[in-house]
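Trainee: Take this structure first; my questions come after.
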Amino acid sequence: MQHARIRHLLFSQFIMAFILCASAAMAASDLTFTRLAPADAPNYTFGAGKTTGITRSADGAFYIVNATYNEIEKRDASGTWTTLSGPDASVGGFTDSRAIAVSASGTIYVPDGDNDVILVRDSAGAWSRIGSTGTAAGQFDRPLGLVLDATGNLYVADTNNNRLQVRDTGGSWTTIGGPGSGLGAFESPVGLALDASGALYVADTSNNRIQVRDTGGNWTSYGSYGTGAGQFIWPAGVAADAAGALYVADSYNNRVQIRDAGGTWTVYGGADTSDTSFFNSPTGIALDGAGGIYVVASLSVQAGTKDTVGVWPVFWGGSSSLPGFFDTPVGLSADSAGRLCVAEMGNARIQVRSASGVWTAIGSYGTDPGQFIGPQGVACRADGTIHVADSSNCRIQTRDPAGNWTSDGTLGSGVGEFMMPCGVATDTAGNVYVADTINNRLQVRDTSGVWTAMGSSGQGTGEFTGPTGIFVDAAGRIYVADTGNNRIQIRDTSGVWTAIGSEGTNPGQFIQPLAVAADAAGKIYVADAYNNRVQVRDTSGNWTVYGGGSTGTAEGWADGQFSYPMGLTVSPSGALYVADTHNNRIETAAPGAAVPAPTGALLLLMGVE
């Protein structure tokens, strides 16, 4: 990338900003974003970021580690959510934290596996750290788990040192165990738990077992490597209840297992059972003492009980296989009937939102008709027809209004063949347009089914490098997110191409633009993915930037902020929809009242940051 060159040009940009402020200033901000989906519900609150740990304190509050945004999300016993800021980078961070513990006084402990320390937040909100890198007592090598006992002793899973360490209330450390597969020895322990009697439970992760130490210091082991009930592959989280039941987050088996006091195992989820629960790499478990089970899985916390049937509802987060929830939403399309279609890569499906707001999921993972691998583009039409860029299957699939699927294309570089097609669009006549990404071209299928190739690899106008997003407006103009060239290209109805933009972080510049759309008034909308923002160009050529945070390119999850947005579309009624991909949500906006444009100096400052 050319960031160094851009920095060298900042001074000249400063001069030009004052000379050309009337034409170069960013256009007025006139869009207000809200979250369309997932929608909050009585027992669900939306959250974004990588969830890595959960605990419930003695006063009934839940604490969740948000590794992406370096935050702790707290839900008190009344159901009120608050966000607690994480530590400054000079103290540590949550990027490799798998647990959280809270003392009776409100002190919070989080392991920082990246920095080999334990992070501590006092009741006043100040962060400090305990420990350092090493093998001596009170030193760690990637600590990932921890738990507090009733008297305030801190137990730490010193993962890469293959041991546990205990810090008493006076600050002295004691070591338990060491590397090995015998009782009381460990290989990469992660999850820890204590029951009411003081028995210690250890997810002895690389030994694929759970170890339990009673109050007399005697060890017992449960489980072995495998997919059967009571077997594990990389168990990462553990919990125990007052009735003597043991709960295990069986991470690589994508399931939760519960062992009752009589020794019987029950399996929830996983590929080798008939249970329809689903957990994506669960890593942690918390209990509420009233039968509620809270599972950290992928980017969410799912909540259920021993009697829950099917997919467990989301308690906090955004990622789920339930309709109206998403795992890596990418392509968007809106039709004149009021439907919104979403291509969802992570769940290998298409979701359709009706005009009345009801979500329906279509498809599954696979290679059969109506199945997908990595779908990235979607185009829906008012008659109910849906076209899908089934990217990793290197084909375009079409679903007719009756629900029948047909397929076009195979892997290749010939006409009508594709290599990772990422975008699809239609025009008013029913022609289908495809961004044939790895082939660095577009392809168009007419209503007779005949394919034509358009463009070639390169940097000239009408040439492409990894085009991804494609949009066709009502007049027949074609808009292409020419991703590898960090620009937008537009083909008018005469066949003439125009290129807009370049690489960078200033308004009108892009890094990995992945989607483009236009409205009836001629405004152009761009998902500037790597810059974590959406840009809008008015008919006078002025750009408005939405998102990007205080630096201009920072990710965020408040309304109007984005984390790697990969898709957007404009409905015939003028509503803007954005696939806020890494936040696993859809945001929407409608034009509102304009505000005065900033000066050229402010424009420059936004570019510098």
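Keep in mind that glycine also has a Cβ here, set from the backbone N, Cα and C atoms.
Annotated signal peptide per TrEMBL: 1-27, in sequence order. Positions annotated as repeat 'NHL' by TrEMBL: 128-170, 174-216, 223-262, 362-402, 409-448, 455-494, 500-540, 559-592.
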Trainee: If you average the pLDDT over the repeat 'NHL' (455-494), what number do you get?
Mentor: 98
Trainee: Pull the DSSP breakdown for the repeat 'NHL' (223-262) and write it out as helix, strand, coil residue counts.
Mentor: 3 helix, 18 strand, 19 coil
Trainee: Sort the residues of the repeat 'NHL' (174-216) into helix, strand and coil with DSSP and give the three counts.
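Mentor: When I sort the residues of the repeat 'NHL' (174-216) into the three classes, I find 3 helix, 21 strand, 19 coil.
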